[in-house]
Amino acid sequence: VLSPADKSNVKAAWGKVGSHAGDYGAEALERMFLSFPTTKTYFPHFDLSHGSAQVKGHGKKVADALTNAVAHVDDMPNALSALSDLHAHKLRVDPVNFKLLSHCLLVTLAAHHPAEFTPAVHASLDKFLASVSTVLTSKYR
């Protein structure tokens, strides 16, 4: 459960991401594909090379979903319901992949915002991304 301090940290950190959200989403995906090659199996139709338009496009989708989750941090299950359905019933993404992408997103944010990425912000973002992952996998059962 996210505390009021966690919610404040997440909103402040994501606010600093701003117009770079799509780029950071794409960078996190690239990190995931390079660090965890098995994740590529969910994207057989994508050009997974560095800077590809498809990875950038999906990175923007990831970032937009996270922006939506931040905006609705007190009601993520409703805000992410359609996305949860998509990943559980159509795409059938292994839930472990959400953890891998979350890790890569944390690394990306830390690399771009080292001064703001304090231990408290890191912990809050980690809890937030875990909450998003829980919501996205809630319909797998």
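Glycine too: its Cβ is placed from the backbone N, Cα and C atoms.
Straight from Swiss-Prot, the features:
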type: BINDING; residues: HIS58; note: O2 binding site
type: BINDING; residues: HIS87; note: heme b binding site
type: DOMAIN; residues: 1-141; note: domain 'Globin'
type: MOD_RES; residues: SER3; note: phosphoserine
type: MOD_RES; residues: LYS7; note: N6-succinyllysine
type: MOD_RES; residues: LYS11; note: N6-succinyllysine
type: MOD_RES; residues: LYS16; note: N6-succinyllysine
type: MOD_RES; residues: TYR24; note: phosphotyrosine
type: MOD_RES; residues: SER35; note: phosphoserine
type: MOD_RES; residues: LYS40; note: N6-succinyllysine
type: MOD_RES; residues: SER49; note: phosphoserine
type: MOD_RES; residues: SER102; note: phosphoserine
type: MOD_RES; residues: THR108; note: phosphothreonine
type: MOD_RES; residues: SER124; note: phosphoserine
type: MOD_RES; residues: SER131; note: phosphoserine
Roughly how many Å lie between the Cα atoms of LYS11 (N6-succinyllysine) and TYR24 (phosphotyrosine), rounded to a whole value? 16
Using the alpha carbons only, what distance in Å do you get between SER102 (phosphoserine) and THR108 (phosphothreonine) once rounded? 10
For the domain 'Globin' (1-141), the DSSP residue counts stand at 114 helix, 0 strand, 27 coil
PLDDT averaged over the residues of the domain 'Globin' (1-141): 94
Neighbour count, 10 Å Cβ-Cβ cut-off, for SER3 (phosphoserine): what number do you get? 10
Around THR108 (phosphothreonine), which residues of its chain at least 6 apart sit with Cβ under 8 Å of its Cβ? TYR24, GLU27, ALA28, ARG31
What Cα-Cα separation, expressed in whole Å, is found between LYS7 (N6-succinyllysine) and SER35 (phosphoserine)? 29
Under 8 Å Cβ-Cβ from SER124 (phosphoserine), six or more apart in the same chain: what's there? LEU2, ALA5, ASP6, LYS7, ASN9, VAL10, ALA13
Whole-number Å distance between the CA of SER131 (phosphoserine) and the CA of HIS58 (O2 binding site)? 21
Just the number: how many Å between the Cα atoms of SER35 (phosphoserine) and HIS87 (heme b binding site)? 22
